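Beneath this line is the structure, given in structure tokens, with notes to follow.
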Amino acid sequence: MGAAARSLRLALGLLLLASLVRPADACSCSPVHPQQAFCNADVVIRAKAVSEKEVDSGNDIYGNPIKRIQYEIKQIKMFKGPDKDIEFIYTAPSSAVCGVSLDVGGKKEYLIAGKAEGDGKMHITLCDFIVPWDTLSITQKKSLNHRYQMGCECKITRCPMIPCYISSPDECLWMDWVTEKSINGHQAKFFACIKRSDGSCAWYRGAAPPKQEFLDIEDP
């Protein structure tokens with residue numbers, strides 16, 4: 001085999017290796033119910049993005065500067081988080097590394113869940129729950145005040161295909177993907193998984209607070 005042929009095979013091999021490695025570097029997230037996103041987050045706020053700019057956030061292990069996008073925000077309401085209002089949100093500079101793009105100018109309101117960084121700052125990724133406020137159902141908006149918190153000790157298990165089962169009484173089976181082929185179905189929009197007095201968990205529908213009779217039921 002000639003040198004040119006060997007070089008061509010080597011180049012093709014490197015291209016194949018690159019194509020196999022690249023997906024591992026892309027942003028990949030597992031779907032979560034809005035209640036799970038609320039419970040997993042350090043901070044959950046309703047806010048508008050006022051401005052954005054690229055900033056340095058230290059250096060990597062090779063000494064290269066780490067770039068992040070800084071959003072200056074106007075917080076409208078905090079549903080979960082520190083006593084101090086959030087003033088700045090940080091994210092990666094590209095969606096390929098899970099960076100989030102927000103509309104700036106202060107017109108579009110978002111529900112934003114993410115990780116606290118202290119001193120009025122938080123960090124968000126595409127794996128966090130960030131949606132336009134006006135896309136939330138009335139039930140979701142009301143559940144942010146208290147109901148989601150009532151079920152943070154429960155486990156929401158996503159059903160990817162039938163059959164699927166719960167393995168313990170403190171689980172709620174999330175069926176939206178099976179029934180509607182969507183992760184933003186009826187259970188996401190209108191239900192919360194609530195812990196009851198016997199320690200079990202069950203789906204509760206509606207915007208009104210759960211009645212004592214629901215909390216006291218022993219069998220889901």
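The backbone N, Cα and C atoms fix where each Cβ goes, and this holds for glycine too.
Remember, it's a predicted structure, so these values are computed and weren't measured experimentally.
Swiss-Prot has this to say about the protein:
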{"type": "BINDING", "residues": "CYS27", "note": "Zn(2+) binding site"}
{"type": "DISULFID", "residues": "CYS27-CYS98", "note": "disulfide bond"}
{"type": "DISULFID", "residues": "CYS29-CYS127", "note": "disulfide bond"}
{"type": "DISULFID", "residues": "CYS39-CYS152", "note": "disulfide bond"}
{"type": "DISULFID", "residues": "CYS154-CYS201", "note": "disulfide bond"}
{"type": "DISULFID", "residues": "CYS159-CYS164", "note": "disulfide bond"}
{"type": "DISULFID", "residues": "CYS172-CYS193", "note": "disulfide bond"}
{"type": "DOMAIN", "residues": "27-152", "note": "domain 'NTR'"}
{"type": "REGION", "residues": "27-30", "note": "region 'Involved in metalloproteinase-binding'"}
{"type": "SIGNAL", "residues": "1-26", "note": "signal peptide"}
{"type": "SITE", "residues": "ASN40", "note": "site 'Involved in metalloproteinase-binding'"}
{"type": "SITE", "residues": "ILE61", "note": "site 'Involved in metalloproteinase-binding'"}
{"type": "SITE", "residues": "LYS67", "note": "site 'Involved in metalloproteinase-binding'"}
TODO: By Cβ count within 10 Å, point out the most packed of the disulfide-bonded residues listed: CYS164, CYS172, CYS193, CYS201.
DONE: CYS193
Task: When distances run from the Cα of CYS29 (disulfide bond) to each of the recorded positions CYS39, ASN40, CYS98, CYS164, CYS172, the nearest one - done: CYS98
Open item on the list: DSSP on the domain 'NTR' (27-152): how many residues come out helix, how many strand, how many coil?
Closed with: 23 helix, 54 strand, 49 coil
Open item on the list: Among the disulfide-bonded residues CYS29, CYS98, which residue has the fewest other Cβ atoms within 10 Å of its own Cβ?
Closed with: CYS29
Task: Of CYS98, CYS127, CYS159, CYS172, i.e. the disulfide-bonded residues, those within 10 Å of CYS27 (Zn(2+) binding site) when Cα atoms are compared - done: CYS98, CYS127
Open item on the list: Using other CB atoms within 10 angstroms as the count, which residue among the recorded positions CYS39, ILE61, CYS152, CYS154, CYS159 scores least?
Closed with: ILE61
- [ ] Report, as a single number, how many Cβ atoms besides its own are within 10 Å of the Cβ of ASN40 (site 'Involved in metalloproteinase-binding').
- [x] 16
- [ ] Check the recorded positions CYS27, CYS127 for other C-beta atoms within 10 angstroms of each C-beta and report the one with the most.
- [x] CYS127
